[in-house]
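K.L.:
Not my notes, these are from Swiss-Prot:
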DOMAIN    44-103  domain 'Collagen-like'
REGION    46-112  region 'Disordered'
BINDING   Arg200, Glu240, Glu244, Ile252, Asp253, Val254  carbohydrate binding site
BINDING   Asp207, Glu211, Asn235, Glu240, Asp241  Ca(2+) 1 binding site
Amino acid sequence: MVGEKLVAYMLVSVLGLALLRSVFGQHMPEEPCSVQILVPGLKGEAGEKGEKGAPGRPGRVGPTGEQGPPGDKGQKGSPGRYGKMGPTGPKGLKGDMGDPGPKGPNGEPGVPCECAPLRKMIGEMDIQVVQLTNELKFIKNAVAGIKETDSKVYLLVKEEKRYREAEVFCQGRGGHLAMPKDAAANRAIAGYVTDAGLSRVYIGINDLEREGHFVYVERSPMTTFSRWREGEPNNAYDDEDCVEMVSSGEWIDVACQLTMYFVCEFDKDTV
């Protein structure tokens, strides 16, 4: 490529001289002249590597790359601040009635009084009590169908209540839920239930204070007598702490929140 350029340059120079000679040949003296032809030299050897140049300007932003795979799951962060208190929830159901409280201390002695009028009044009241007692016996036997043994009076209450409510009802009338402590009492209560056409009633036995340790409702321990149905007590669902009697006289442990009829027991000498 360089050689071709050199030949072309020489031809142009010769043609230029020939043209000058033809134009100005008559007037030019024939004196010798020198012609200098400048010919580019050959390519030199490569020089030494120069110093590192300054950084160029930032290039254009390249196209967006493909989405990379998800990174590893980060560590669990620290708990945030407590949020605002939520709205007040609905009012809950009324709970069961609690056990009766302990007996309070005796009151202060009364002031002295004239007792003669009171004795007369008490005598008159005793007469009325005798009359009322006779009337009550009639009601027991003829209307209410109350059952009696040598020492106990049993009252069947045909009003469905939970266990604790039933015991409070009996206590409010001077008694407790029926506590069959021997075979005779158990037969009397079972016969009462059968005669009334019922299938089951609450009786005064539970293990509310210690699971599996059944006691009578007035907290006296059970001794030798029991009438559990086969497979009972089984504490099904871990929620059977009270006892029912079925018409056959057998006992079954049941949940205390069930509602059913019940039998109250009273000492005969207090009725």
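Using the three backbone atoms N, Cα and C, a Cβ is placed for every residue, glycine included.
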K.L.:
I'd like to know which of these binding-site residues, Asp207, Glu211, Glu240, Asp253, is least surrounded, judged by other CB atoms within 10 A.
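P.N.:
Lowest Cβ count within 10 Å among the binding-site residues (Asp207, Glu211, Glu240, Asp253) is Glu211.
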K.L.:
Tell me, by DSSP, whether Glu244 (carbohydrate binding site) is helix, strand or coil?
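P.N.:
The residue in question, Glu244 (carbohydrate binding site), is strand (DSSP, three-state).
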K.L.:
In Å, rounded, how far does the Cα of Glu244 (carbohydrate binding site) sit from the Cα of Asn235 (Ca(2+) 1 binding site)?
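P.N.:
That separation, Cα to Cα, works out to 13 Å.
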K.L.:
Rounded to the nearest Å, what's the C-alpha distance separating Asn235 (Ca(2+) 1 binding site) and Ile252 (carbohydrate binding site)? Just drop the number here, would you?
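P.N.:
Here the two Cα atoms lie 10 Å apart.
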K.L.:
Setting Asp207, Glu211, Asn235, Glu240, Asp241 aside, what same-chain residues sit with their Cβ within 8 Å of the center of the Cβ atoms that define the Ca(2+) 1 site, listed in sequence order?
P.N.:
Asn206, Leu208, Gly212, Pro233, Asp238, Asp239, Asp253
K.L.:
If you draw a 10 Å sphere around the Cβ of Val254 (carbohydrate binding site), how many other Cβ atoms fall inside it, taking every protein chain shown into account?
P.N.:
20
K.L.:
With the carbohydrate site defined by Arg200, Glu240, Glu244, Ile252, Asp253, Val254, which remaining residues of that chain have Cβ atoms positioned within 8 Å of the Cβ centroid?
P.N.:
Glu232, Cys242, Val243, Trp251, Ala255, Leu258
K.L.:
Per DSSP, how many helix, strand and coil residues does the domain 'Collagen-like' (44-103) have?
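P.N.:
Its residues fall into 0 helix, 0 strand, 60 coil.
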